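S.K.: Below, the features straight out of TrEMBL:
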type	residues	note
ACT_SITE	LYS102	active site, proton donor
BINDING	LYS66, LYS90, SER344	substrate binding site
BINDING	THR185, ASN216	NAD(+) binding site
SITE	ASP142	site 'Important for catalysis'
Amino acid sequence: MNALAATNRNFRHAARILGLDSKLEKSLLIPFREIKVECTIPKDDGTLVSYVGFRIQHDNARGPMKGGIRYHPEVEPDEVNALAQLMTWKTAVANIPYGGAKGGIGCNPRDLSISELERLTRVFTQRIHDLIGIHRDVPAPDMGTNAQTMAWILDEYSKFHGHSPAVVTGKPIDLGGSLGRESATGLGVVFATESVLAEYGKSISGMKFVIQGFGNVGSWAAKLIHDRGGKVVAVSDITGAIKNPDGIDIPALLRYKESNANLKEFQGADAMDPNDLLVHECDVLIPCALGGVINKENAADVKAKFIIEAANHPTDPEADEILSNKGVVILPDIYANAGGVTVSYFEWVQNIQGFMWEEEKVNCELKRYMHKAFLDIKAMCQTHNCNLRMGAFTLGVNRVARATILRGWEA
């Protein structure tokens, strides 16, 4: 099932549980605006090339729209639509004053030089600058984009609107980026894990973890879990997978990764088949890579007792059912990986105030937001007698629906 179908299915289920009016339900699903632009740039060799850029703005009932911009060959409207909608519910679950958006350009950033990427980013910004803004839509980095991409967008946008650091988040620190943003999603995942484990009288210390994906989120989560006494027994990335039943030495692995691309050749662990990673023996499984990795084919063999969804949509709805019947506790993506957008919100707040926070304050506020969101989800689970995914979806959808009704949506 693709991301859009799965998101719509979760939304409809939540709307039924909440007893939403059918007209309101329909209006909440329809995106506010869909933007499609042609970005034509000269390549370094002088030839012209054209790329299609998208920005889907889903909902702004609770505040400016917020969401990443990805550069990926398979950026297609359906997926961008699903991710924009997911951002609407995610920001509502975290209780930050945003709506949802998502965008991207259908290109392979690896095939482009730095100067070509800069030209492409600037042309995209020129095409959409009057449709984004500090109080309208605030982009952020996503797959294939980074702090440098945000710096180019900020610069290009500022040519039209004056210096506007709050127009994007995930910026370099020197241009008004927030301390703690780099580790935010990984740290949020760890705070979420601590909250759910405490619910079952457990803590990270001494538990066995398997982490799929060792990029920004996976590597930070692994480091922070290791620091808290958790045992990371297997990890994987694009290059392969490794395991060590006694726990991998994560600081050593991080040092190794700085100078070596290939994970499999790390000395402190044995190589394993990446396909076996998700069904490896562990207490907690944290998928941090792509969507749809836990599906009806492998769900029955998953041995973890807890799944923390650090990736977007890693568990198919069919797998959800199989895992629920096995008693596996799944912490849903719209809560588990909300650390990134929460610290993006802190960055936006700091930019608007023109007053920067210490890293300690950023992390402390993030912990407070993540813990409060978990308590809110738990309250919804008890009210509606549902699992954590539906608890999170009903919480998010209910907040957006209430804001929509208060603003007067039928007028």
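Glycine residues also receive a Cβ, built from the backbone N, Cα and C atoms like all the rest.
Keep in mind that TrEMBL annotations are predicted by a computer and have not been checked by a curator.
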S.K.: Neighbourhood of the substrate site (LYS66, LYS90, SER344): other residues with Cβ within 8 Å of the Cβ centroid, in order?
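M.R.: Leaving out the recorded residues gives GLY67, MET87, THR91, ALA94, ILE96, TYR98, GLY100, ALA140, ALA338, GLY340, VAL341, THR342, TYR345.
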S.K.: What is the interatomic distance between the Cα atoms of ASN216 (NAD(+) binding site) and LYS66 (substrate binding site), given in whole Å?
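M.R.: It is 20 Å, counting Cα to Cα.
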S.K.: Output, ordered by sequence, the same-chain residues six or more apart from LYS66 (substrate binding site) with a CB under 8 Å from its CB, or 'none'.
M.R.: MET87, THR91, TYR98, GLY99, GLY100, ALA101, ASP137, VAL138, ALA140, VAL341, SER344, TYR345
S.K.: Mind computing the max CA-CA distance among LYS66, LYS90, SER344, which the record assigns to substrate binding, rounded to whole Å?
M.R.: 13
S.K.: Nearest to the residue listed as 'active site, proton donor' by Cα, among LYS90, ASP142, THR185 (recorded positions)?
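M.R.: Minimum Cα distance from the residue listed as 'active site, proton donor' across LYS90, ASP142, THR185 lands on ASP142.
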S.K.: Near ASP142 (site 'Important for catalysis'), which residues of its chain come within a Cβ-Cβ distance under 8 Å, counting only those 6 or more away in sequence?
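M.R.: Listed in sequence order, they are GLY67, GLY68, ILE69, ARG70, LYS102, GLY104.
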S.K.: Looking only at C-alpha atoms, tell me how far LYS90 (substrate binding site) is from THR185 (NAD(+) binding site), rounded to the nearest Å.
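M.R.: Distance (Cα to Cα, whole Å): 13 Å.
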